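Participant: Got a structure for you, questions after.
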């Protein structure tokens, strides 16, 4: 290891010698045309669906043809013609073990994290999502373009591996969905044996599975040859699959991303990580382990690279059909299918390009990595300066977990500064300067590895109502002390490598091992904390809903008063909509004296108004949820980058010749390490109250001023007509349906309604077709003076804000 340098870390073998100049095992000449062909047909299908040239009902018919006729015929044909003598079985079993591993990993993790009401359906469908690839419609053309001239026998593995999911793993996922269906209390309760029989029956009835079995039997009965009388018929159906399947995939993508919600983003990040990062790495790793020493040793490297490419294939659209059939997790599955499909294209192309380029000198590649690190650090530095300034100006850094978030920002900022300094110091003959720069760089970089776990732990303790026992000072010391300790140990025990400009290998194997330990500890801490946090979230939400119900009951139910007359002076609050009047207490009985309460109708200006307090509680709760969600997403995304870094370290430690795909992982890790500031900026750099709201108000004023000059009279006429129509035909019904008497003070009430209730009511009576039109209708009523907010502070919003009729 004494002569190890960055050159050996990427392309050279571990003994420092350059790898032999061998010809590439694939041809990239036809890859780009194949990708353009596949995604061009997908785009045509999307355009046809978006413009309603082909309605959704017709798309279902095309999907039925693809899945029940074309694909079964294609599988039958290739099962009959398959030459089992050329199959490298260790490779087949490697992919099988990889799929089973990912399936059970996703299944167990989902069962641990998901809420109890839907964890079985999520476990089944998410596991299928992560393991069932779009092998035939999208995978086969790409494999054919890459390996047709060099390894044509690789094409048959598509037909061997695909049935693994259909016949082995999918039935397990269906069983989980059936268990979930039983737990939801459907009318027909079934025993476990009946559920097992139903799942097996569905598998047998599946045309794809059925024709695979028939094809294997026919392979031995017909001697690897399709009879002449049915050959043309089978070929016609099989050849129709490619274009029809890709076109149908485009049709199914229409409108799916609109279904994304905040609650589905976390699941999507985990699923995309499992499909595009974990799956290809495990596939390659299993081939490295199981195929070593077999008769395919000459093609061992080629097979492992092929396994990596196979793992990147996107999820099959049939998974969305499964989700629709069970009516479970449809939003996550369909949105994830779209995102994974388009993310897989650049990954496949870059991977194939790296595997087909001639063997290059290591020095230019090392310089390229250094330049990427330098450039992304400069961009990230500006984003982090902005994010830190926003955090300081908003004064959120005094609160937990923001006090830890700003420490993460500072660590990321120092890491960028350290990388910029390293770019100028790496090639200079200044040992002391290099050591000091390395200490700054890796002390702060290790800190960015530690802080996501500490932030996740703080969120968990806050959720468990243990803020008092949580000491921020000790956490800050840990966040900076552990990295300093790790770098100190590295400086004292590590051996500096000569002639290296890559900071990741400045101290060779010792540094990679130390980095792996820090990454592993942080991943475990963050993963366990986020898992426990997710399991406790639903219980806390139930408590919050109960608390909210109590609050709403206080505002809806009038408290019994003392016998006699109550002073009708509105001291607690003066609410909108008219003068103060005396009205009978609705809770009084014949035996009790008549109890009077004050109905206040002036603009509410008191800080003790119960309705204002209720709105503030809801707003605070929503803001807390938003901030918590942002922290969870940041921790999750940073954990994904930590996982990629750990994979890179382990790949280097346990492979004598890391290979060309390692370079792709290195570039990803560089961008992930020094581009963290862009993630921080995306979630915390645009503060709602400090930046977005003032900018939005300014933009609205400018737009309104321009709009009044251009279309002022037309807009006023539209508002007048809307208000006249509503007052004449709909107001009385609206008052009966959504207006309620609510207590706004100890001795006062008012008649009010929620903006969210008005939005739903406008849609229910047909005045608006969706929430967007309902919001526009409500704005016209507010601008026309028909309704107003109780404090006149808010416009019309689809929120839990109180409004009343003027």
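Cβ atoms are placed via backbone N, Cα and C, with glycine included.
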Participant: In TrEMBL, one of 6-27, 512-533 is tagged transmembrane segment. Which stretch would that be?
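Facilitator: Transmembrane segment, as annotated by TrEMBL, spans 512-533.
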Participant: Which listed stretch (87-113, 125-143, 233-254, 405-425) has the most C-beta pairs under 8 A with the transmembrane segment (266-287)?
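Facilitator: Ranked by Cβ pairs under 8 Å, first place goes to 87-113.
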Participant: Quick test of the contact rule: Cβ under 8 Å, at least six residues beyond the ends. What residues does that give for the transmembrane segment (125-143)?
Facilitator: 31, 34-35, 37-38, 71, 74, 99, 102-104, 106-107, 110, 154-155, 158, 161-162, 165-166, 169-170, 172-173, 176-177, 241-242, 245-246, 249, 267, 271, 274-275, 278-279, 306, 309-310, 313-319, 322-323, 326, 328-329, 332-333, 336-337, 341, 348
Participant: Could you tell me what the rest of the chain brings near the transmembrane segment (233-254), counting residues at least six beyond its ends with Cβ under 8 Å?
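Facilitator: Sequence-remote neighbours of the transmembrane segment (233-254) are 38, 41-50, 54, 59, 62-63, 65-66, 69-71, 73-74, 76-77, 134, 136-138, 140-141, 226, 317, 320, 334, 337-338, 341.
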Participant: For the domain 'DEP' (752-806), jot down how many residues DSSP puts in helix, in strand and in coil.
Facilitator: 23 helix, 10 strand, 22 coil
Participant: By a Cβ-Cβ criterion of under 8 Å, what residues six or more beyond either terminus of the transmembrane segment (307-325) are in contact with it?
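Facilitator: Result: 63, 67, 91, 94-95, 98, 125, 128-130, 132-135, 137-139, 142-143, 146, 157, 161, 170, 173-174, 177, 248-249, 252, 275-276, 279-284, 286-287, 333-334, 336-337, 340-341, 343-344, 347-348, 351-352, 661.
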